[in-house]
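So the structure is just underneath, and the comments pick up after that.
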Amino acid sequence: MVEVSGLRPSDTGNYVCRIQVEPPIEVVHYVDVQFAPKITHHSEQEQQVVKDESVKLECEASGNPTPTIRWSRKEGHLPSGAEEEEGLSMTLEGVDRHVEGTYTCTADNGIGDPASASMSITVSYKPEIVTEKTTVRTGEGDKVELVCIIHARPAPQVEWSKDGQPIEELGQVEEHDKGHRHSLQVNGVTENDFGKYECQATNDLGTASAAIHLTGYPKHPHVTSDPNGGEETSYTLTWETESYYPILEYRLRYRKAKANDSTDLPGDWEEATYEATELETEGLVHHMKHTLDGLQPATDYHAAIQVKNKFNWSANAEYAFSTKKVPPTTTTTPSATQPTTTSTLPPSTPAGDSEGGVEGTIPEMTGHQMTGGAPLYSLSTVVFLLPALLLLRT
């Protein structure tokens, strides 16, 4: 018996026990030394790449059995959307700032603890800017903040301007930077502060800018009414708008989507300006309505509405709506024949008979037949017959 201690991976192989007899006897033993995985090679720990380029991450490991290598990302899902991917390498094509992070390859074969190695990717790119609001509505004496969210690598130089002129930081205007958030605060707004502001960011890879409008104008209306009207000849238009100042007037235009059935051309605009009637005001939001009368049933219309405050008119808000179809009417046609009940007098008897009748017949009269068989006459019938009876008796 042979005992081997301190086995190493290199000890894997066939071991032969040979007995010296005639004929010789051999017994072969195969020893498979299993061992935990170990990372033997991987890409550089710091990977710097420029936007839109590609980067390849590699990872190799030893172990018995052969380990499986899986890739993961510390920040969450991989760029492909998967939580993990298998393979000795992973290639990222057309990278942008969203692929930045720490990537880890983990080797596991079920023996001992898994082995891992991490590599980080950073992407260089020119500034990218979004604004919290493209339009900020305010009033005189108010304090407002204009905000640009700026991403860039290397870090950018940020400058602000108003109507194309650089802004110098004074007591009324303050600049604040916190991470990616860059803001310009205007204290005690005056009418002269209204205008177009721009934040501009520059680094070694390029320049980007974004505009923010500071204004006292009202926002263009947002129509809230159902486009399918519930009335046949009228429609109530409801809308809301945003304004620091009260809404003074509104201008409403509307027309048929088709002038008539023989053309696809729209009808003529009808336009009027009205004094504003506000249903409700919530902060800067004003809710309003207007009812259009004299419309045609089952008809499509186009509408446009503007609102005005102390500074000026808002932009137009266009809207399409339709009126309700007139329901079909139901009529009842009376029957062509009406049931009637008639009765006749008994046939006249010849002259000189026992009843003293005269020759001829008596006209049929309307009456009711009694159950006993004798005719029953109405009062008008009796009055009609009475003169004839008197003549017969004279």
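From the backbone N, Cα and C atoms, a Cβ is placed for every residue, glycine too.
Pulled from TrEMBL, these are the features on record:
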type	residues	note
COMPBIAS	327-346	compositional bias 'Low complexity'
DOMAIN	37-124	domain 'Ig-like'
DOMAIN	127-215	domain 'Ig-like'
DOMAIN	217-329	domain 'Fibronectin type-III'
REGION	60-87	region 'Disordered'
REGION	325-364	region 'Disordered'
TRANSMEM	374-392	transmembrane segment
Check: Sequence-remote contacts (6 or more beyond its ends) of the region 'Disordered' (60-87), Cβ cut-off under 8 Å?
Finding: 9, 12, 32-42, 98-99, 101-111, 114-115, 118
Check: Looking only at the domain 'Ig-like' (37-124), what are its DSSP counts of helix, strand and coil residues?
Finding: 3 helix, 52 strand, 33 coil
Checklist line | DSSP-derived helix, strand and coil totals, residue by residue, for the domain 'Ig-like' (127-215) | finding: 3 helix, 57 strand, 29 coil
